[in-house]
Structures are given as C-alpha cells and as structure tokens.
Amino acid sequence: MLIVLALAILPLMAASLFIGSRIIAPSVVIDGLTSFDPTNNDHLVLRELRIPRTIIAVVAGAALGLAGALMQSLTRNALAEPGTLGVNAGAAAGVVIGLSFFSTSSINIYIWFAFIGAGVASVLVHRLGRSGETGVNPVRLVLAGAGLSIMVSSITTMLVLSSTDRVFTALRAWATGSLDGRGWESLPAVSVSFLIGALICAYLSGPLNSVTLGQDLATSLGVNIQRTWLLTNVGILILAGGATAAVGPIGFVGLAAPHIARTLAGPDHKWLLPYSAVIAGVVLLSADIIGRIIIFPAEIGAGIMTAFIGAPFFIWLVRKGKVSGL
C-alpha cells in the first residue's frame, strides 16, 4: 500500500507541471524535460518555477506529516499538529521578524528565525499545557496552542501590515501559506531539514511505540523518556520550521495525514511515520493543484485550500471525542 501511495504522487507531479496560470501542453513539458531550450518561455517556466514548486510541495508536505505524527504520538493527543499547537505560528512569526527587522531575504538565513520562533512557541505551549503533577493535559495543550496561535498570528499580521512595501510584497503570499513563486533557492533548506527530521524519525520509531503505551511501561521497557522527548521535539522543530520557512504557515496537513496513516498502517511507528509523510505530500501537492484550478487563471494559496479540507476534519475529530487522546 505504501508503494501504491508513493506511485500516486507521480501523476500528481505530472499534473503540477502542466497546470498553472497558463496550461503547458504535455508535449511541451516532455520537450522541456528532455531538450531544454533557454529561449522558450514555457521551458523556462517549467524549469525555474514548476519543477521546484512541485518538489517543494511534496517535501514540505512530507515534513509537516512527520511533524504531525510525532506530535500526536508524543502528546497522545489526536488534535496535535504544528498548526494547532502553535509551532507554525511561532515559525511564521520568526520569519516575519527576520524579514522586517533584519532585512533577511534568503531562506537559508530566515529559516533559522523559523526554528527559533517554532522553538519558543513549542516551549510556551508545553508549559501552559501542563496540569500540575500529572504532566501534559491533552485538552489544556490544544487550548494553549489555540490561544498562542491567535496571539502570535495577530502580532505577525500587525508586522506585515506595518512593513515597507518591499517586505509586505514578500510576505503577503507567504503569510497565507503559498507555493507560488517558490524556486530552486527554497529547495535546499526544506530538503535538508526534511532529511534530518526523517533520520530522527527513523531512530525514534521504536521508542515512540513504547511511549504511546504510557511513560511507566515505556520506562520499564528500557526507554529513556527524557531523551525521547528531547529528540522528538527537536525533530518537530526541524521539520515544521523548515517547511514553514519554505512555504509559509500551512495548517491541517499534519493533522489529517497521521490519522489517515493510522487507519491504513496501524499504530506501529515503523509504518505510521512513512505513511504519514507520503500521505501529507500527496495532500499538499493536491491542494496546490486544486488552488491553481478553482479560480483559473488566478490561484488560491495551498494554505487556504488545506484549511478548507482540514477545518471540517478538525470539527469531526472533536465531535468524535478524539480530543481526549490517542
């Protein structure tokens, strides 16, 4: 099944190369891939915009899927994901601060602001989500994440609206979560953060299986709880921070993908994590393609499209009582 899902990305990637503000014929796409002509505008659009945009959508989606799966397993909270727990908002705030006050223009620089913002948000949410001596409370965690996200997002919006024309133009599409205009310069940062995060996930697949059974049982099985918590949070920050720096704050991808993966693969993290990555890549790329079609030739940002999909899913989880934990 995992191979089938991975192969399903291929026709989506092909569609992503064809579809945009103007349709590029399949024959032209093939020519652009096999015999690139730098004087051909369609070939240039394909090579410089659509190919990197497609790859970034898959990689960033996979990173958000892994981050969401790690969060849900670590907190044992079915509603946990980078968006609901404030990590995306923190990363976005970090990038906006970097662009507004430090005049950073390269993703290789402002990705570090994303990591710092995500880290600060994560620490605050976990501190606010603790309930006395009983540790992290799933309901308090979601409420803390929602409250922090609202506060940080309002500050981010204020900074965007009060910024210079240059910064405002750079932030306008990015702040809503968009892949429009993403070129090759955005790919290395998100790819490296994804690879590092994926390696951490591979190491954590065994310990997380034990942690989801409860801390006491995990400790009796020889799992170092503190190290697992630390590595998992580092993985979340790297994955969510890198993806947010590249494509903006995109929510709900990390919420839905692990639930679908859990239905298909079960709770074993050796399968749950790769399924979450592949499914999230499919979801984000699909959302980006639909956003290009729905009001053609204009387009809707992928972040807005995923919100359309994710908000009803979030409400369904709450009505099903999933908020109490996994």
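Placement of Cβ uses the backbone N, Cα and C atoms for every residue, glycine included.
Automated prediction, rather than curation, is the source of TrEMBL annotations.
From the options 4-24, 298-318, the stretch TrEMBL describes as transmembrane segment is 298-318.
Proximity of the transmembrane segment (298-318) to the transmembrane segment (109-129) is not established, fewer than 3 Cβ-Cβ distances being under 8 Å for residue pairs spaced 6 or more apart. Taking Cβ pairs closer than 8 Å, the transmembrane segment (141-161) reaches residues 75, 77, 79-80, 83-86, 88-90, 92-93, 96-97, 100, 121, 124-126, 128-129, 167-168, 171-172, 175, 323 in its own chain, all 6 or more past its ends. In this chain, the transmembrane segment (109-129) lies close to the transmembrane segment (229-252): three or more C-beta pairs between them fall below 8 angstroms, excluding pairs fewer than 6 positions apart. Using a cut-off of 8 Å between Cβ atoms, the transmembrane segment (83-103) and the transmembrane segment (272-291) share fewer than three residue pairs, counting only pairs 6 or more apart in sequence.
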